[in-house]
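Participant: The structure follows.
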Amino acid sequence: MAKAARKKFSTSSDPTGSTVSAEKHLNSVFKFNTNLGQHILKNPLVAQGIVDKAGIKPSDIVLEVGPGTGNLTVRILEQARKVIASEMDPRMAAELTKRVHGTPNQKKLDILLGDFIKTELPYFDVCISNTPYQISSPLVFKLLNQPRPPRVSILMFQREFAMRLLARPGDSLYCRLSANVQMWANVTHIMKVSKNNFRPPPQVESSVVRIEVKVPRPNIDFNEWDGLLRICFVRKNKTIAAGFKSNNILDILEKNYKTFLSTANAAANGDDSMMVDDKSSMTDIVKAKIEQVLTETGFSDKRAAKLDQTDFLKLLYAFHQVGLHFA
């Protein structure tokens, strides 16, 4: 993964004192960039509620994504051993540094300046974020796919996105995101947050969710699981069989099957030799295996919108048994 530019500042602040004055100062200096999702949480009660729900321990390192002017940051600093704030806008990073300069918690804050999605993250125990809406999905998957995922994440999202995280099979909002996240973590709704609690106010309402990773972590390859779900949820209300008829999907599965055969033959024979059928016959083999799996599992006429984790696990296992892989 490419490393984003990384810069550290030493910093912290009075959690109750400078919220209003800091915002007035910022408004006089520059305009918030809503294209970067800069909607600053201005309600101190909501900010404190979010931090309290994280259950921060005095020994915890907390990652905050999109700290903005620091209304959450200063409260986190009061409870955590260290705060790592990931901020893309240099202006915000500078203002946050000023806000906490000279305070007792000054040395507890590091700021990572750059694109969060491209940044290689250090170890952290907890994540808190007033999430820029355009990175909601990448942020969730990046957190869950960390070598050592955070114990808990308290994340603010657009209301509809939050409801997708919580959706169950059969719900109208149930989708690949729902099935994927719920495999790796338990998700609960914490609170609704009105758009009037932000400056400038966004066009939509928000919700805060709590994501706690499952322990032990499911013994499943993340990319294999995600690869299967991508195919099944391309058209979630169509049959599973219909999703596997795409030429692009067949090409991917055929390529992966050839790799599987090559690896299996090399392990058995001590070399890379294998019999490679012509294109048409290999495609027919893959199609036949797909039909076999869907028929034997009984999922051919099922729809992804109605399937739960157990169903998808059965499907993934059956495909692996015939040598078909998704990553």
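Cβ atoms here come from the backbone N, Cα and C positions, even for glycine.
Copied straight from Swiss-Prot:
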REGION    1-20  region 'Disordered'
COMPBIAS  10-20  compositional bias 'Polar residues'
BINDING   H39, L41, G66, E87, D115, N130  S-adenosyl-L-methionine binding site
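Can you tell me where each of these features sits in this structure?
Facilitator: Taking a C-beta cut-off of under 8 angstroms and a sequence separation of 6 or more, N130 (S-adenosyl-L-methionine binding site) has the following same-chain neighbours: H39, I40, L41, I50, G66, G68, L72, M156.
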Participant: Could you tell me which three-state DSSP class N130 (S-adenosyl-L-methionine binding site) falls into?
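Facilitator: Strand, per DSSP.
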Participant: Near E87 (S-adenosyl-L-methionine binding site), which residues of its chain come within a Cβ-Cβ distance under 8 Å, counting only those 6 or more away in sequence?
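Facilitator: The list for E87 (S-adenosyl-L-methionine binding site) reads G66, P67, G68, A93, L96, I111, L112, L113, given in order along the sequence.
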Participant: Out of these binding-site residues, H39, L41, G66, D115, which one has the fewest other C-beta atoms within 10 Å of its own C-beta?
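Facilitator: Candidates: the binding-site residues H39, L41, G66, D115. Fewest Cβ atoms within 10 Å: D115.
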Participant: Rounded to a whole number, what is the top Cα to Cα distance in Å among the residues the record ties to S-adenosyl-L-methionine, namely H39, L41, G66, E87, D115, N130?
Facilitator: 21
